[in-house]
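These come from Swiss-Prot:
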type    : residues                                              : note
BINDING : 22, 51                                                : Mg(2+) binding site
BINDING : 169, 170, 171, 172, 173, 174, 175, 200, 201, 222, 223 : sn-glycerol 1-phosphate binding site
């Protein structure tokens with residue numbers, strides 16, 4: 001089954017949780033342990049990427065995950081090096097509010113031949129950085145959307161949908177002190193038919209409940225996993241929060 005179909009099947013019944021793992025933060029063996037714990041906690045898939053610039057680390061981690069887990073492995077590339085043949089799909093995304101055309105379409109053009117050659121399912125996605133934006137906002141040379149301007153985010157989402165992007169990701173930034181505002185999530189959801197993904201600043205079940213209740217279809221957590229001494233319990237808390245609507 002294609003990953004996009006997998007998403008739609010789940011969304012017919014409930015919200016989706018994805019766990020983000022950065023290959024640079026641990027060994028492939030440790031990444032497998034984290035993924036297995038997250039799956040026991042209820043996560044629906046593993047996102048792989050982030051700050052990585054070493055394609056060999058990414059490939060080794062993706063390969064180890066492929067041998068040990070059954071949920072989809074989805075690439076979340078930080079640059080053209082973020083591609084591996086072991087993945088099921090890739091968030092093929094454009095950083096819409098970057099000031100640098102490289103992050104809007106340049107990196108995508110450079111990476112597309114590899115994605116095509118490897119036969120990875122490409123999930124067309126608009127990626128929008130919201131204040132404070134974190135590292136991705138700085139590296140991606142963005143103009144983060146102000147938290148009190150949901151209409152700007154909605155305009156970007158509609159433009160992305162008209163350009164054929166079937167997924168849309170609101171990003172507050174890794175380790176952000178607050179998640180994307182509920183008002184912004186709700187307006188974006190009302191204005192488009194895209195699968196809406198929200199990440200950044202989601203640390204607790206209560207956070208997850210607010211974000212899911214506002215309209216997010218998919219919630220992504222990463223930093224909270226890196227900082228948790230019990231990944232399974234933390235993911236279960238977040239997943240249960242999402243289901244408490």
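Glycine is no exception: its Cβ is also placed from the backbone N, Cα and C atoms.
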Largest tally of Cβ atoms lying within 10 Å of a Cβ, found at which of the binding-site residues 22, 175, 223: 22
Sparsest Cβ surroundings (other CB atoms within 10 Å) among the binding-site residues 169, 171, 201: 201
Distance, residue 22 (Mg(2+) binding site) to residue 175 (sn-glycerol 1-phosphate binding site) (CA atoms, angstrom): 13
Integer Cα-Cα distance in angstrom, residue 173 (sn-glycerol 1-phosphate binding site) to residue 22 (Mg(2+) binding site): 14
Separation of alpha carbons, residue 22 (Mg(2+) binding site) and residue 201 (sn-glycerol 1-phosphate binding site) (Å): 16
